[in-house]
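Residues or ranges marked as signal peptide in Swiss-Prot: 1-5. Marked as N-linked glycosylation site by Swiss-Prot: 107. Among the features that Swiss-Prot reports, disulfide bond is placed at 127-194, 172-223, with the record citing similarity to another entry.
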């Protein structure tokens, strides 16, 4: 986060047909197209297909409701994952949530929103950030909603064994503008600094009285 921050426009390094949201793949490739006009139609078709898939997934996410039998359904967080190995990609629901927030804020038609994507206009973020999966073994401890320090358990028992807890954390990049100030701020008149901010997610933890349970803890979620 950054006070008095404003984006600075620069030349885009993305192609006009690039998709800004990984994790979903559309069918078709541009090598089978015969000419410039066909290539343009192909890019439009791929973008439309991508939008259609996104809309379907968002609709399905709204329809799905946790059943009464699944009492742990509400413990799930988009930035927490239980897995036997390190996840290879960002969580899909996290990507959908980020995209949905952008759509809600834009309040435009899908086609207009696509062309107003900051990645297409060549805009850069005020602060650079990096995201990665972090294990409970790396976190070890965290602060819960009451301000107490709790131990983050590395493994979660499941019917067929144990799974590890992984947290998808986002923090300010150590390179670039993190130390020099926020991008787009006139240094002659303003002092600025990019800082990592935190949010609460639910995780399996143990307090100082050895009581194990699901609690909200703070993790790094933005810059």
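Along the chain as shown, the residues are counted starting at 1.
Any Cβ shown, glycine's included, is placed from N, Cα and C.
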Cα distance (Å, whole number) from residue 194 (disulfide bond) to residue 223 (disulfide bond): 6
Other CB atoms, at most 10 A from the CB of residue 127 (disulfide bond): 24
Local Cβ density at residue 172 (disulfide bond) - other Cβ atoms counted within 10 Å: 23
For residue 127 (disulfide bond): DSSP state (helix, strand, coil): coil
Nearest-integer angstrom distance between the alpha carbons (Cα) of residue 172 (disulfide bond) and residue 194 (disulfide bond): 7
